[in-house]
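Colleague: First the structure, which I've put down as structure tokens, then a few questions once you've had a look.
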Amino acid sequence: MIAVIIASVLLTSCPHVLPFLQQASIAGYPISIFFIVVNEFCERFSYYGMRAVHVLYGFMSPVYLIATCLTPHLSLLLAVHRTIVYLSIVYALGQVVMAVSAIHDITDTNRDGTPDNMTLHVALSMLGLILIALGTGGIKPCVAAFGGDQFQDDQEKQRSTFFSIFYLSINAGSLLSTLITPILRAQECGIYTKQECYPLAFGVPAALMVVSLLVFIVGSGMYNKTAPQGNIMVKVCKCIAVNIVLLTCKYERHEFTIISSLMVLKVLFLYIPLPMFWALFDQQGSRWTLQATTMNGNFVSVSAASRCTVNPILILVLVPVVDSIVYPLIAKCRINFTPLKRMNVGMFLAGLAFVAAALVQLQIDKTLPTFPSSTEGQVKFINMINEKVNFTAGDNGISLDAFTASEDYLTFDEPFHLNLGPGANYPISVPDGTRNTIIIVQDIYWLFCLQFKDFAAKPDKGANAIRFLNGFHSALNVTLGEEQFGNIVNNNMSQYVNVSQGLAKFQIKNDVGDVCMYEQTLGFGSSFTMVIPSTFAFGPNCADTIRPIMDISPNSVHMALQIPQYFFMTAGEVVFSVTGLEFSYSQAPSNMKSVLQAGWLLTVAVGNIIVLIVAEAATLEDQWAEYLLFASLLVFVCIVFSFMAYFYKYIDPTKIEAQFTQLDPEEKEKRKSLEMTRKESHGGGRKGSDSSSDNEKVKQTRI
């Protein structure tokens, strides 16, 4: 990479080579495009690398929104190229500050591995996030539009393909950073104490952002740059205000400005329904992830990092397939598959993905245990006596063999009496909304009970909640690798420990150092109570007497059933999002392309808000019903968007601009005559100003 940068600098610095490079192309694409694509890849690697290890990236959203809204105005004043460079510097500085904030040794004067001035590190981290949000929100609307500007009018096909390549670079950077950055974080580093290497995890994205900036600057000599034209929106507002006050509209003077704004407003109006697509799309990382934790994922890791890679992997596969196979086949069938029709199909596919998610959820719900409601409590009984016990719990008669448990939980909505026999009648109160285990033990003369609280939901992230019940006559210490269950005294329960899927090897030790190894194969999302009975004895066969009691069954619906919903959603994204980028560019005048790109990005942000509003307003108890609600809303949006698209007329901004920049002499003369006639009709024809008016009109025709 460094060698390429040095070579590029040497080439672009040569005055004889630079004009050749500006006109040269590779496979029909301008050379400058490759600098922009590499820049976007490095920038996305930097952003998603930071996001993969920082838990507060959501804090960036308000700043990102502000930057996205303001940057188009800035690009009109400074030119797009300078805007990208300046804000990339801010972006890179934010990444560097973030990496510095992760170095604990800066303020660790007592060398205990913990910063002594945590406020400084938090402040640096927040400052870094703000700078990153300003940078990424600022350059995001500009880079895609700037890439489209590099093509000539006769390169429409290459420009269309560019947006697909651009989208590929985004997802390639996202995929690699999401996989690599957690690995970097897992390394141990530090001057005084070895800890997870967050400085490295943030430092590599910072370095990639610096590389991104350098790559973009190196290609500066080859870019097709548009000169800044001032703030068009301000000009339009000023023109309207002046005309309202004076009641004299010099339409021709501001004609192109007004037409440009109307062109943009027409497209922005068309974007009003589009946030609903992103409302569904963003649930891949929230509700679909939660759905995955209730499924059997024995064919793939269910870690957050691996789930985040599904979408970019599918993007890298589907974008070339759709571009080189699907669209050409549709064209051969002579179907007029316009950009707005593509976007509508993309939204329909996203709705289909949520229908598939609802069907999967229905299958999951059939396998989930019945957890207590907010007005109920549930109880399971375990017999810790080495003989059969018959007893009653409320109106329920129960019989348990030695060291066994009741098959399922009993549900109670009010306190009940547990009758274990003569002189052993106990009032039991179960807190609402909880699951509990009551163990039956024996003292010298009578039976009594002990109550423990259980898990009342599926364990998080597909883990298995494991605990040990010690019926042995002495205290035991149980460990699983570095995980500690604690010192468990007689007739007591250990704390829960989350154990991952696979073969778990537990070590059980007593106070004199005797050791027993116990193995248990675990699935996903289960909960077990491992009963160590009073008959337990250390020795070669010590594990045979330990009895696992399943409180929550492992997930049984296979995670492979999520593949269709991810496929439909990603296919919808390819058809919808890539087309949206291209459409936003093609329908915008040259001086407002960043404005439309910003409008497109704002639909993404509004989609995030819609998720919160709909989820809070719906208050549906069943997740499958919520999925169908979102699917129905998107289908409704598809219908509305179809009507809006039907009445939308595609334009060619280049031809419209040409009408104002290359008027023939007769047209110029007509406009001058028209202007003079209007002045005379208003009684304002001052002869002394005729010459200046003529000069002014000539300037107006050259807008």
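Backbone N, Cα and C atoms are what each Cβ position is placed from, and that goes for glycine too.
I grabbed these lines from TrEMBL:
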- 665-703: region 'Disordered' (REGION)
- 25-42: transmembrane segment (TRANSMEM)
- 54-78: transmembrane segment (TRANSMEM)
- 118-139: transmembrane segment (TRANSMEM)
- 165-185: transmembrane segment (TRANSMEM)
- 197-220: transmembrane segment (TRANSMEM)
- 232-249: transmembrane segment (TRANSMEM)
- 256-281: transmembrane segment (TRANSMEM)
- 313-331: transmembrane segment (TRANSMEM)
- 343-364: transmembrane segment (TRANSMEM)
- 563-583: transmembrane segment (TRANSMEM)
- 595-615: transmembrane segment (TRANSMEM)
- 627-648: transmembrane segment (TRANSMEM)
Colleague: Under a criterion of three or more Cβ pairs within a distance under 8 Å and sequence separation of at least 6, are the transmembrane segment (563-583) and the transmembrane segment (118-139) in contact?
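Modeller: Contact between the transmembrane segment (563-583) and the transmembrane segment (118-139): absent.
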Colleague: Look over the recorded stretches 118-139, 165-185, 197-220, 595-615 and say which has the most C-beta pairs under 8 A to the transmembrane segment (313-331).
Modeller: 165-185
Colleague: Going through 25-42, 118-139, 165-185, 256-281, 627-648 one by one, which has the most CB pairs that fall under 8 Å from the transmembrane segment (197-220)?
Modeller: 25-42
Colleague: Which listed stretch (25-42, 118-139, 627-648) has the most C-beta pairs under 8 A with the transmembrane segment (256-281)?
Modeller: 627-648
Colleague: In the same chain, who gets a Cβ under 8 Å from the transmembrane segment (25-42) while lying at least 6 residues past its ends?
Modeller: 8, 143, 146-147, 150-151, 155, 158, 162, 165-166, 169-170, 172-173, 208-209, 211-213, 215-216, 218-219, 222-224
Colleague: Report, as numbers and ranges, every residue of the chain located at least six residues beyond the transmembrane segment (165-185) whose Cβ falls under 8 Å of a Cβ in that stretch; write 'none' if there are none.
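Modeller: Residues 33, 36-38, 40-50, 52-53, 144, 147, 196-198, 200-201, 204-205, 305, 308-309, 311-313, 315-316, 319-320, 574, 577-578, 581.
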Colleague: By Cβ distance under 8 Å, which residues at least 6 away from the ends of the transmembrane segment (627-648) in the same chain are close to it?
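Modeller: Apart from its flanks, the transmembrane segment (627-648) reaches 266, 269-270, 273-274, 276-277, 279-280, 283, 287, 338, 340-341, 343-344, 347-348, 350-352, 354-355, 357-358, 361, 614, 618, 620.
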